[in-house]
Amino acid sequence: MRKSKKYVGMPVISLAEGQQIGTVKGLVVDPVQKKVAALIIEQKGWFKEQKFAPYGKVCSIGKDAITIDQSTHVEKGASLPEILKLYKEKLNLIGCRVMAENGTHLGIVDEYFVEENTGAIVGLELSGSLLDSFMKGRVFLDISFTRTIGKEMVVTSNEAIDNLVKVDGGLQETVKTFKNSTSQFLENTLQKTKEISSKTKEELESKTKELGNLTKDLGESLNRQLDKVRGKDRSEPVEDPVVVQDLPPEAARGEDNELTRAKPTEDKVEVVDLPPEAQLTREEEQAGETNESAVKNGDETEVKAEDPSADKK
């Protein structure tokens, strides 16, 4: 399989004469048969005459040159009326718009591929329009999906829309596969989002329930502690503190006030035997007391003490 542009400029060699007959100037396309009908040959010389080499007369399409059996296979257009007719129609696939039956614009033909042995057109390379909506780059459309090849437009079946193959650095993927993979990706993303949301909701509910249980346990623990404190208050009444203050001396009265009443001090009495002369009569004691009382009251009366021994006589 070779791109059409690769044919242009290749030398045409006659195997019988062993010489170059000319170079390829272009291709003549048969739109009905969907194949290359002939090569347009430009010969050397002063009088450059345009001739055609029917594709069926080509021996080989090589890397560097195209070979034919003999130079007589390259003929003028007058000798090849069918090929001349196609040439005059000036059909050029490159640049044609590609449209599906339902009116969808698939793109523009940038290139077409040719089977080297038979000249059959294998497929079209497109760019733009629908391609830009799904993927960047260029796509390949198999020629089997084309219905009509015209001068200005190529018409395809509706199935062509889902069978455009992306060609980018060796990566081949149909638009249908791309859309399916994109849809699957979006579906997986949505499913993953739902799973994450569900998991987050479950975790939140679990944490909320755990926090509720913890709060409940804490409340019950506090209630038990309060019940214990209340029970202790009922069983063991608290005594009011007693403040002891020093009272003034005049407040320490009464027999019932044991806190301020002092214990009486008992005097010790010693009995001593006196000599007879030291003993006084009752009258003398009373006289002595009267005398002391008179002195204290400022009385100037002198009291004469009687001789106790005279009374005894």
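Cβ coordinates are placed from backbone N, Cα and C, and glycine is handled just like the others.
Note that TrEMBL annotation is computational and uncurated.
Record features, source TrEMBL:
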- 6-71: domain 'PRC-barrel' (DOMAIN)
- 92-159: domain 'PRC-barrel' (DOMAIN)
- 197-313: region 'Disordered' (REGION)
- 197-210: compositional bias 'Basic and acidic residues' (COMPBIAS)
- 225-237: compositional bias 'Basic and acidic residues' (COMPBIAS)
- 252-271: compositional bias 'Basic and acidic residues' (COMPBIAS)
- 297-313: compositional bias 'Basic and acidic residues' (COMPBIAS)
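Note: the domain 'PRC-barrel' (92-159) comprises 10 helix, 35 strand, 23 coil (DSSP; helix = H, G, I, strand = E, B). Mean pLDDT for the domain 'PRC-barrel' (92-159) in this predicted model: 89.
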